[in-house]
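Peer 1: First the structure, then my questions, so here it is.
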Amino acid sequence: MVIGIDPGSVKTGYGIVRSEGDTFSLVSCGVIRLSSRQCIPERIKIIYDTLEALIAQHRPARLALETAYVNRNAQSALKLGQVRGAIVALAMNTGTGLHEYAPREVKKMLTGRGAASKDQVAYMARHFLNVVEPIKPHDITDALGIALCDLIYEGKKGSGRTAGTVSTSRRNSWAVFVKDNPDVVL
């Protein structure tokens, strides 16, 4: 079981996914919503405490975290760095394994394209988890995508397949999405 985290200083998405062989199941997901009026230390404490409780409850083997990206707004980048640092410390404090993935790496693992849209990642996360209803917002589907990326990558390490290769069934799933959603611009 893995907890995927899409960190943010106002919204942090999380998704807990269990893997049994080639089958994935959704355990829990949600968004930690914070007020931008709260000071950053208060927000970090809420994120830390909430994630710590989820880890204590579900006992995931690993925490999969999205790596930081360069943002034009220096203040936003600094806040995100502080949130990420608290999450890394949480993984270390709870003895939970930690893996980090770049957004392009997650997109490529799930869709076969490193430049996939958030809607494409959301669709494929639902497909892998056999969830019919849309999962919103993207903070959740991004976190689920990060967890799935970690589970797929870890599964491939022992199978001889290289990370990033896309199975025919996933390519076909993407073809089905395009066929079923001709009006969606991606």
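One is the number of the first residue shown, and numbering goes on along the chain from there.
Heads up, the Cβ atoms here are built off N, Cα and C, so glycines get one too.
No curator has checked TrEMBL annotations; they are predicted automatically.
TrEMBL feature annotations, pasted as is:
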| type | residues | note |
| --- | --- | --- |
| ACT_SITE | Asp6 | active site |
| ACT_SITE | Glu66 | active site |
| ACT_SITE | Asp139 | active site |
| BINDING | Asp6, Asp139 | Mg(2+) 1 binding site |
| BINDING | Glu66 | Mg(2+) 2 binding site |
Peer 1: Work out how many Å separate Asp139 (active site) and Asp6 (active site) at their Cα atoms, rounded off.
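Peer 2: So the alpha carbons of Asp139 (active site) and Asp6 (active site) sit roughly 6 Å from each other.
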Peer 1: Take the Cβ of Asp6 (active site) and count every other Cβ within 10 Å, whichever protein chain it belongs to.
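Peer 2: Asp6 (active site) is surrounded by 25 other Cβ atoms within 10 Å.
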Peer 1: Roughly how many Å separate the Cα of Glu66 (active site) from that of Asp6 (active site), to the nearest whole number?
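Peer 2: Asp6 (active site) has its Cα 6 Å from the Cα of Glu66 (active site).
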Peer 1: Applying a 10 Å Cβ distance cut-off over all chains shown, what neighbour count does Asp139 (active site) have?
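Peer 2: So the number of other Cβ atoms within 10 Å of Asp139 (active site) is 24.
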Peer 1: Tell me the coarse DSSP state (helix, strand, coil) of Glu66 (active site).
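Peer 2: In three-state terms, Glu66 (active site) counts as strand.
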Peer 1: In three-state terms from DSSP, label Asp6 (active site) for me.
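Peer 2: The three-state answer is strand.
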